[in-house]
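Everything below concerns the one structure shown next.
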Amino acid sequence: MKNEDKEKISKASRYILLIGFICYCLMGAKIFQALETDIQEELKLSFLDAETNLMETYVNITSEELEIFLQMLSLSIKHGIIPIKNGAIYFSWDFRNSFSFVTSTLSTIGYGSIAPRTPMGQMFCVFYSLLGIPLTIIFLQSVSNALLQTLSEFEKYLQNMEMKETQIRTCEVLFFLVTGLSIFILLPPLLFMKMEGWTYEEGLYFAFISLSTIGFGDYIIGVNPSKNYSNIYVAMVTLWCTFGLTWMALFFDLLSKSLEKTKIKLTCNTLWQRERKFSGKRSYFWPSLRR
């Protein structure tokens, strides 16, 4: 089989994998939305009833009634029912948030701001993730190959310039680090500042915590009830997360290999110093060994 045919098959398989992965995410988002919406509707009605009762008896409210209301408020917020203002209620399990939940779950970030509460939703999450996480790993490996292909083209360009091997390796590392840090870590906070109202430092912190899959959940995009997010913003964040996770994985792999090489060099130097010291002592006690 010719190289051109292999390359065409490889590209076709990547596109098929991409389409399959997107369809899997969309399917999961729709199913989670269907499973979790009913309980949110019930909690929303319960919260509105509790709010109405509180307003009617505000003058003569007792500590027990206030405690019941606060418990209902805490439970509602925990399940994604958040009062905004003027009687408006934020409903977390819409399709956009369901899709965000799916992507954060399959990427193992797991912010925790939204999670299935129904038994059916929790069981579906287990089996959905069992298949989805390996599929995500395969998909990210395909994206990784695409990024490495770009790096390979850059290497060929440097070779055509007749640069030395050490210079090529240095330029590759610098190109990988500078472009990756700029695109995935340093520039996205500017978008988060505009869309989320964060400071640059908060956006930078969120970018690293997310792409490293730590996912504390203290900062989350697209969940502010007072803001209207466009689908373009959601798509941009999804692409950023996909390629950013891949770049971060390659970066950690590069860093770990560099540290491993440094460790080996330090170990070899230590052993050499010990051997040299031991040889010197041995020569001191047995002068004949110097001959």
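Using N, Cα and C of the backbone, Cβ positions are placed for all residues, glycine too.
Because TrEMBL annotations are produced automatically, they should be read as predictions rather than curated entries.
As recorded in TrEMBL:
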- 12-32: transmembrane segment (TRANSMEM)
- 88-147: domain 'Potassium channel' (DOMAIN)
- 126-148: transmembrane segment (TRANSMEM)
- 173-192: transmembrane segment (TRANSMEM)
- 174-259: domain 'Potassium channel' (DOMAIN)
- 204-221: transmembrane segment (TRANSMEM)
- 233-255: transmembrane segment (TRANSMEM)
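Simply put, out of 12-32, 173-192, 204-221, 233-255, 12-32 has the most Cβ pairs sitting under 8 Å from the transmembrane segment (126-148).
Note: the domain 'Potassium channel' (88-147) comprises 41 helix, 3 strand, 16 coil (DSSP; helix = H, G, I, strand = E, B).
When Cβ-Cβ distances under 8 Å to the transmembrane segment (173-192) are tallied for each of 12-32, 204-221, 233-255, the top count falls to 233-255.
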